[in-house]
Amino acid sequence: MKLTCMMIVAVLFLTAWTFVTAVPHSSNALENLYLKARHEMENPEASKLNTRDDCEPPGNFCGMIKIGPPCCSGWCFFACA
């Protein structure tokens, strides 16, 4: 019983120590990530995720034999939708 209590106290202490000694600028990194995401929501052209240069436009063949980029829309039934 004493060993179990000591183990619980040790785990709680190590968990608290991890949070106390965490990198001080980690909250700043999260804030910067939030600001970047907010900027991309306000200005969709700024987002890199909206560009898909390596995809096939609608109407191009995309059957199982073809090895190449996927359809831009994500839908393929022998031709890109």
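Glycine too: its Cβ is placed from the backbone N, Cα and C atoms.
Of the listed cysteines (C71, C72), only C71 is recorded by Swiss-Prot as the disulfide partner of C80. Here the candidates are C55, C62, and Swiss-Prot names C55 as the disulfide partner of C72.
Of the cysteines listed (C5, C62), Swiss-Prot assigns C62 as the disulfide partner of C76.
Separation of the C-alpha atoms of C76 (disulfide bond) and C55 (disulfide bond): 12 Å, rounded to the nearest whole number. A Cα-Cα distance of 10 Å separates C55 (disulfide bond) from C80 (disulfide bond).
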